[in-house]
Amino acid sequence: MEEMIQLTALKKSFGDVSIIHDLNMTVHAGEFLTLLGPSGCGKTTTLRMIAGFDAPTSGDIYLAGASVKDLPPNKRKINTVFQNYALFPNMTVAQNVGFGLKMAKVAVDQREERVTGALDLVQLTGYENRKLDQLSGGQKQRVAIARALVNHPKVLLLDEPLSALDLKLRKQMQYELKRLQRKSGITFVYVTHDQEEALMMSDRIAVMNKGHLEQIDDPKTLYEHPKSSFVATFIGESNVFDGRVTRPNAPEGQVTVETGVLSITPDKTLRQDQIVNVVIRPEKVKVSLTPQPGFHITARISEYYYAGNVNKAVLILPNGGELKMSSTAQASLPPLGSQAFVYWDLADAIVIKSPADKIYNVVAQPDFSSVNQK
Amino acid sequence: MNKRLTARPWKNVFIGLTLLFLYLPVVVIIIFSFNTSKMNILFEGFTTKWYGLVFHNYQIMAALKNSILVGVISTALATVIGTTGAVAMSKYQFPGKKTLDKVLYIPIVIPEVVLGISLLLIYSLVGIPLSLFSLILAHVTFCIPFVVLTVRSRLVGIDQTLEEAALDLGANPWQAFSQVVLPLLLPGIISGAGFSFALSLDDVIISFFTTGPASTTFPLLVYALVKTGVTPEINAISTLLMLVIVIGIALNAIHQVRKMKQEG
Amino acid sequence: MSEHESVADPQPAVQLHKHTVHLGTRMIKWLQIFPISLWMLLLVVVPMLYVFFMSFMSRNYYGGIVYHFTLQNFAQVFAASNLQIYLHSFWIGILTTVICLLISYPFAFFIAQKGPVAKTILMALVVVPSVSNSLVRLFGWLTLLRKTGVVNTLLERLGLIHHPLTLVYNNGGIVLGMVYLLLMFMILPIFNALDRIDHNLIEAAEDLGASKFQIFKELILPLTEPGIVAGCIMVFIPSLGYFFVSDVMGGGTQNMMGNLIENQFQVSRNWPLGCAISVMLILLTILLLVIYQRRGGDMDELGGY
């Protein structure tokens, strides 16, 4: 696949504060890539460096094979859709959309034609002479997108473009942006902190945390095979157990956690006493009133929440920790307050081997007394 | 402020009385500019002759010409220097920026007499003769800070990302400034220039120290005449000047009110 | 749109050499900073420093400057006859400030309660007279109030008085002139402070059971304090230097600090003494500004913003 953007050993610090440490990343031509992460993870800074607003402290940025590190923003064939739209308040819709073409000295008649085309594309046909204060938030958003797309950029950068819109409009714009990206074939680099938005729209997602790249993969891989507990908890809901491998192999793997013992799919790459995170999605958690082979964890059913198509439950572990669970509305569940045995299909548990970032209470000999009381 | 606390007649009476206080001498000047008697004592009859005579009064016309010339040149210089300075100070970091920021407040807060004598001293030290030139230097000096303040207060309201957006769309830094920032800044620049012109035109104290006998300004002429007696010609030309300025302010106020009504 | 072709044939990005970019932007930057910095340096900083320098110099018999260090000027600054003048100036200044405050606060308060259109019009009305010539306007007052002025003449003709009243050419006249010319500088910062108060705050205070008076005392007054202090500074400090007001409205007999400085440069030609008095005024200004800033005042407020 052709490489559109390449970030190599990119570093950025403001004064003594390091924002991005050693970022290496490739964006393929024509893909919809999302930079996802909590606020302060460095995703916007990364975007600003690609656009040319901030200069990297070290490292390089390549656009279609050529370094653009020393080019000012106006010399990069990259356009940006800003979070607050950044539409020019002194210009009409058409003047805004045509600004880039005017700067590129495109002839007036050709410019008009392309502006009309771009406005058609974002479904704002006939809005040319409107003033900005006559537009709604969603319409302003469309103008901002048209203003960027009309220049036929190699890459379109979008900095949380939907964050100012209300939920319904946001959903609608998500579909529309995806449609625009497919239709235009332009590479999109999209910044958001909304994991649901990222999962829905992206070809690939780069999860960032504290200035480094945690994982870059397609949404399905990211969800089903997170490489770190950060990714597991940031993408979708997860229960994460910190534990120690007490049996790596056959007949099945066994991990001892503070509140009990659980089984995992046998894995030859695990070794005895290795510290791991076991991640289980709420929808994969099962409960039973009878003990289940391979599992030695009980929890009290503390709350049920009705959420339409699913039932959500919160279970309290013996050490006070919470376990989230969700199941289809039809499934029958033990009564509230009852002690239940927790288990899941071995294949559903994700074992993460490098849990150095998240070790709290790994105990050598778990205390089962509370479990055995029942 | 709280709407429910409003609409008591005595509040409007107080506002009215204060405005009356501010306008009383102005009204007196206007009335006496139409007085047939040369003595400003009682209104003895209506005439417009002073409005004709004033334009043949060499002394008044020369002073007025000086004032307007100094006002226009000083305003132009102060507006250009102040605007570029304000934009630069908002955009860049440079050594001495904090000091410059503090120095800009000196002409605003220091008593004018001190600024006046300090310029007089430096002129005599360097050997700049007291003339229209020295006067313009002085006027630009006290106008710059007001331009900076006005432009800066306007700059604060302009989204920084607009300039980035322009650069992003292929504008070079000059195009980004001239086509996006400058039009948004223009109302601030215009009011800063208007402010400067009004300050320059009305300045007594600093001009008093920084101009020579051959380049007297209109306020200084009035200052000299106040002791012996101001002629109705002065009243007439002052009324005309006021008219011009009032039209300017009124147009600005109408524009603002219209804008407010548009925005609801 | 068919942007596929632009993706398909990526043109090599224009390679601009790093140094040319930096040199260009750096030059633009300095071209913007240089004029204002140079102007302020040469026509504000240097002259001010020269005033300080001059205040320690001597003069010869004919009024010429002798570059010889002396503290004599400051001894003269504190001479008894001069102290009298400072006290008088301060008294006039304080009186002017208090009267301006007493008029401006309620005035600004009532205007701030009006609708946005009325506010704009009323505040424009406040500014209008101030842009016409100050001396002409002072003469307007003289026309009304002097011995042969409109008021006295009318009263005499009506037979209410037999001898004209002394309404100007005294301290009252000076204060009237000062209040008249400086009132706007009190109204503007107070109005701005009042206008900035969030209406929700007042509703919140009402909701919490505060009476109108309590709202004013506990909320509005503290919130507008910086505006009040800014206004007081912008009235008090200029009042010390407005020599032409005391000259015109006080009839030239009432000496004030501004007149004292003016005299050293016009009549007596004692520049070092004039500078020494100016230095005292500068120090006083700095002192007031430091107090203002310590109390959280915004310098921009002093310019009427």
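Each Cβ is built from the backbone N, Cα and C atoms, and glycine gets one as well.
Just so you know, TrEMBL annotations never went through curation; they're auto-generated.
Remember, predicted model here, so these are calculated numbers, not experimental data.
What TrEMBL records for this protein:
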TRANSMEM  C:33-53  transmembrane segment
TRANSMEM  C:60-79  transmembrane segment
TRANSMEM  C:85-109  transmembrane segment
DOMAIN    C:86-292  domain 'ABC transmembrane type-1'
TRANSMEM  C:121-144  transmembrane segment
TRANSMEM  C:174-194  transmembrane segment
TRANSMEM  C:227-245  transmembrane segment
TRANSMEM  C:271-292  transmembrane segment
Recorded stretch that, among C:60-79, C:85-109, C:174-194, C:227-245, C:271-292, has the most CB pairs under 8 Å to the transmembrane segment (C:121-144): C:174-194
Range from C:33-53, C:60-79, C:174-194, C:227-245, C:271-292 with most C-beta pairs under 8 A to the transmembrane segment (C:85-109): C:174-194
Result, the transmembrane segment (C:174-194) in contact with the transmembrane segment (C:271-292) (3+ CB pairs under 8 Å): no
In contact by Cβ distance (the transmembrane segment (C:227-245), the transmembrane segment (C:174-194); 3 or more pairs under 8 Å): yes
